[in-house]
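The disulfide bond annotation in Swiss-Prot covers Cys90-Cys386 and rests on similarity to another entry. Under the heading active site, Swiss-Prot lists Cys375, Glu377, citing similarity to another entry as support.
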Amino acid sequence: MTEGEIPWGPTGELVYNRTYSRVKPDGTRETWPETVERVVSGNLALVDSRYQLPGEREDLLRLMREFKILPAGRHLWASGVKNAQHLFNCWVSGWTEKPSDHFEFTFMRLMEGGGVGANYSNRFLADYPHVKQELEVHIVCDEDHDDYADLAEAGQLSSRYDSDWVDAFVIEDSREGWAAALVDLIDTHYRDDVAHKERVYDVSRVRAAGRKLKTFGGTASGPVPLAKMLTEVSEILSRCAREGEQYRFEDGGALTGLDAMEIDHAIAQCVVAGGVRRSARMAMMHWADWQVETFTNIKQDSGSHWTTNISVEVDDAFWSLAKAPVDPLNPRSTKAHRVLKALSEGAVRNGEPGMWDSSLSNVGEPNEVVCTNPCGEITLEPWEPCNLGHINLAAFVTDAGKTDYIDLIRAHRLMTRFLIRATFSAVADPKSREVLDRNRRIGVGHLGVASYLALTGRRYSQAPGDKRFTAFLREMAAEVDRAAEEFSHELRIPVPVKKRTVAPTGTIAKMPGVSEGIHPIFSRYFIRRIRFSVLDNDQFLTASQYAADGYHVEKDQYDKSGNTWVVEIPTKDTLVEAVAARFGRDAEDIVESANELTLHQLLAFQALYQTCWADNAVSFTANVDPDAYEGVDVAADLQRFSGLIKGSTIFPEESFPQAPYERITKQQYEAAAIKAVADGVDEECANGACPIK
């Protein structure tokens, strides 16, 4: 690589321009070196310059320009942006004594482009008062509004009120304004006395669909999705009140975990209507909860809840019961076995629900963690954000197939310091500020791991038994811990409660073109699908160019607004060629793809990283052939690795239409009549969960 040359992966520049390159004041877009300069400057400015190491700025610039270190996408998008340095990708929304707090927090974080996890176990909602009021939402709008006709066509405009109604709740054109309307509606449902059961909301001030959103990117969705959301939320809460009447409760009916999950889905649908991948969620429920068996099948049975991943919370008690023979006289024993059956059969059916082990996850935590972020790599307290950065191991392999240890150690230490500085970034909610200051949690992760192993002549399946590699991981973990302790003591702040993780890194790994996270390459040949928002002019033009070039382009069937297109790109992985250049004919033996590995081998690799590297969690998707595995096979492996992994996502290939990737043969690839783009990593998270930024 010549000086100044950017080591893009085959589609890296496309992904960078679509996702992270900001528009400058003169109307042109940032180049990668300009983005790096902004990101590093913004990060260093969070802490007084006297705490910088000699040469730290120059090292950060170099390592990031060369894709040797890469902070999470939100840092790349927002770091160094004046008055908009929102650096945290994902959060967990908790539960307070006020029901609307949870939904307001979820709505705000999703509108900021973040992902939100929540635990819907009914123990968290048990102390809530009953929903007391049945209400009816009426939407009004000025007839001169650009979207007035769309509101009318969608059936959202009131036939009883208009925008001159003086008692209407006027919704301001801001995230806070939208959230205030939601809070008003929810709080009204809980009031003892309400004078007017018909709640009128005026959307005249909400900007029209398609307008640019400057701070977080994307485009405005207009008032229609907001109107639909308010109506749906009111219908859910009114149903709760009616059910209370049915059971002769004098003060209404209870909000259940599944009701709350339905409200969050309505909120997320409203947000995602504004453009591609602006909503990502994780929904969890405890295995012993009275609603869990409905929860495990809720996406399949309802055809809804497409805005979230779902996982069952298990614990030591669950594994103790599930590993023992079923006791038909013990209701907890029979339930544990039913839940394990649902987990294992769901895995080979459609990949859901996943599993999260709360007992293992809470080891070493000062306070209870209740859920993970949507991709599952960070377990969090209520209101806590995740704060991620990654080391690209593959970038430290020399031309001779050796590891540049000096620069690699430097990278681990500098990324640790980068993320600790980020904990000083502003957050919008004081509940988040409190837990962030107390925990200072960071997540230094690895990407390009499969690429690193292959480029150093090692097979992926043999890594768990490779003592050199396990020692290497422990050594790098120790470097992170030392750097965190030293820097935290200098800054007079608590040492981060946990420091190391593995994230999917789908979009991030796309830029240098290496394997994402710790996943093996998907296949030597496959179809990769990229999503584009047609509301964003640049993305629309790019997708249109793909169509003109002969690529297959169709609407995203999961985005009901019709605002997202899916482009299919036949893809050849480049790792085999790179390894062949170093090791000759052995490349085919060295490079292993996911379909050549057993579920046991995949989970063993996850367990390796969980035990030797991560004190947080490891986000990992084990893709399996549904024809080769039955539920009992999955159950056996889950039991075998219980206590070693904090969560699991086991995913059957081709389990849903428009999957991010689909394996094809070499012959199918060569038969494609279009120019293929060479690369081996998925552009989204491995489980399709992460936000676009």
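Quick reminder: no glycine exception, Cβ is built from N, Cα and C everywhere.
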Winner by Cβ contact number (other Cβ atoms within 10 Å) across the recorded positions Cys375, Cys386: Cys375
Secondary structure of Cys375 (active site) (DSSP, helix/strand/coil): coil
Spatial separation of Cys375 (active site) from Cys90 (disulfide bond) - C-alpha basis, Å: 9
Cβ neighbours of Cys90 (disulfide bond) where a neighbour is any other Cβ within 10 Å: 30
Where Cys386 (disulfide bond) sits in the secondary structure, as DSSP reduces it to three classes: coil
